[in-house]
């Protein structure tokens, strides 16, 4: 095909989760409920942590940032999904597609590096408890978060710019429910070899670095736990990290399934697996961290009690105004 026939597309069509019209409204209701749960659950986690003095430590600081990143992660994808469920023209402009891809990569990488920072926090809390306050001081925590955000932005910009240099022709139908890198690359008419080389080198390194950090942290935690003689001590150590380990397994398990195979084999199963780390993990985070964490559960109970007290006070004030008038 000559270069004269290669034109830049003005928009893409997102195929979504299902092409059957009868599935669109049930899917809309399902994902709307999930999105609302994500917003409310993660906002409650953030408010509980920032309003309770007993939760002012590095673990909960990282958890509050992770909850905020989870809200951003799903907000990049789900609102557009909801619109497309109720729309016949499931289109997304070229610029909007690139923007969605960029912010999706940013949010996903921030999640990944925050999980690594939380693994380091668990390691220090169990293996180096007496120096915990010194090692995990506020300055170091802020530096870890700043690095996570800065590196994620630069990494995502690189991949977005590499996609922007490609030429798209013929089909503009993305076999996905959002503009992920792999489905978009499949539509390119020009060579994607540079994109694939960068994905397998820089991209793999950016994913594996936090993953290796998590693995090493947990190996050292396991060694430390096995050296604890009392059963109660071992249970306490495991309970400290069980919530984090559950989230890590969900997040990296689904990402590994989607991305660690050839580009040509991207299928419907990958779309379903993508839901796990884009929507399901963010939705389950508040439940995992609150139900399996006594301090977090108490913090949420205090927050709910304060909200109820304020609502009661407000309703009493309104009732007194009505009586007075």
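Placed from the backbone N, Cα and C atoms, the Cβ positions cover glycine too.
Unlike curated entries, TrEMBL annotations are predicted automatically.
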Where TrEMBL places transmembrane segment among the ranges 172-191, 272-291: 272-291
Correct range for transmembrane segment (source TrEMBL, candidates 141-162, 295-316): 141-162
Of 3-21, 60-78, the range TrEMBL labels transmembrane segment: 60-78
Same-chain residues near the transmembrane segment (27-48), Cβ under 8 Å, at least 6 residues beyond its ends: 16-18, 55, 63-64, 67-68, 70-71, 74, 78-79, 81-82, 85-86, 279-280, 282-283, 285-287, 289-290, 296, 299-300, 302-303
Cβ pairs under 8 Å between the transmembrane segment (141-162) and the transmembrane segment (272-291), at least three: no
Chain residues outside the transmembrane segment (60-78) and at least six past its termini with a C-beta under 8 angstroms from it: 31, 34-35, 38-39, 42-43, 45-46, 49-50, 100, 103-104, 107-108, 110-111, 114-115, 117-118, 121, 141, 144-145, 177-178, 278-279, 281-283, 285-286, 289, 295-296
Intrachain neighbours beyond the transmembrane segment (272-291), with Cβ under 8 angstroms and 6 or more residues off its ends: 17, 31, 34-35, 37-38, 41-42, 44-45, 63, 66-67, 70-71, 73-74, 77-78, 104, 108, 176-178, 180, 243, 246-247, 250-251, 253-255, 257-258, 297, 300
